[in-house]
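A.B. asks: Below are the features listed in TrEMBL for this protein:
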type	residues	note
COMPBIAS	326-335	compositional bias 'Basic and acidic residues'
REGION	301-335	region 'Disordered'
TRANSMEM	28-46	transmembrane segment
TRANSMEM	75-97	transmembrane segment
TRANSMEM	117-140	transmembrane segment
TRANSMEM	175-201	transmembrane segment
TRANSMEM	208-231	transmembrane segment
TRANSMEM	277-296	transmembrane segment
TRANSMEM	341-361	transmembrane segment
TRANSMEM	381-405	transmembrane segment
């Protein structure tokens, strides 16, 4: 048995070493996403199976009558806190990096065995912290999760504007036709989906005024986006307006589907006794994809997120250059290569995403619903709906801001 255990340990170490050695500069960002995905899976597993173990810890089980939901939330928050500290520390370490000659640049892309060990150690240590620290982190996570949703919205707006500008820049009729077709398709999808929401969340025989208000507001916003974007004084386009409309309809759906299962106006889930595996997997997959997209575009999507020396930041050249060939040679040897994205912002996205995933798995730390449900409750509803409204406000602001402040540069 001891020989078998030694072989297993050796194989495990060898696997970790081979994986770590295979991570290059190009794949480093994907590796961070993979590590974040592992933390999500770990949170999910511990949420389901760790309750009997956590009851044995006296600093966690401080009472004899604590419900199962309490221990599930504790497991999720403690894994999330370890993840948050890991990425938060990396974000602090990477502050001020401007070029690849900085020693810390190698820390960003290398040392993966040490990083995995530190991540695992932080995660384990979190289960030895007193409850008061976890309670404070749970409160702060609500604000961090909201900030992550806000960053998602900014990334969405940036992506839609970039998509539209890239096709318009081609200045060919086929691309204009493609823009029109996609815009019409998105608007049809948004209005069709909104109509379906009336069927699901406004069942006949019940007074569902709140749900009707949410859905009608979504439809009104979609119309408003098109009217404002196509106004002659606004430098807008129909494509971003249609994509944002679809996104708002989707967020409205996620908000309404998070209503309590016993709520009479939740016609989609009122008969279900527990959240389906497919719904949970879809929610987790959406989170991972959102984090992946936000992290990959971190620092490379807009100038204000880029490091000062990056090509997108628009560095200036000196007015006078030396003609001395020796000095030119030395300059070439020591020429700095600017980093292509902000490392600090990259890790900050993961830190905030750790908070958001904790809120997703713990139902925003609300114990009003059964432990069988994930991301269900009125807190989740209002967070989603407010996210939709903030998305609408930011998009409208991106259109009208140049008119209100014509002397300022917004792009």
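Cβ atoms are placed via backbone N, Cα and C, with glycine included.
Buried or exposed, and what's around them? Tell me for each listed feature.
C.D. replies: When Cβ-Cβ distances below 8 Å are used as the criterion, the transmembrane segment (75-97) is approached by residues 36, 39, 42-43, 46-47, 50-51, 54, 104-105, 107-108, 118-119, 122-127, 129, 133-134, 137-138, 141, 144, 307, 339, 343-348, 350-351, 354-355, 357-358, 361-362, 365 of the same chain, each at least six residues removed from its ends.
Residues of the same chain lying 6 or more positions beyond the ends of the transmembrane segment (175-201) and with a Cβ under 8 Å from any Cβ of it are 164, 167-168, 208, 211-212, 215, 218-219, 222, 226, 237-239, 241-243, 245-246, 248-250, 252-253, 256, 259, 265-268.
For the transmembrane segment (208-231), same-chain residues at least 6 beyond its ends with a Cβ under 8 Å from one of its own Cβ atoms are 187, 190-191, 194, 197-198, 201-202, 237-238, 240-242, 244-245, 248-249, 252, 255-256, 259, 264-265, 385, 388-389, 392, 395-396, 399-400.
Beyond the transmembrane segment (381-405), the same-chain residues lying 6 or more positions past its ends with a Cβ under 8 Å from any Cβ of the stretch are 145-146, 149-150, 153-154, 156-157, 161, 214, 217-218, 221, 224-225, 228-229, 233-236, 240-241, 244, 247-248, 251-252, 254-256, 258-259, 359, 364.
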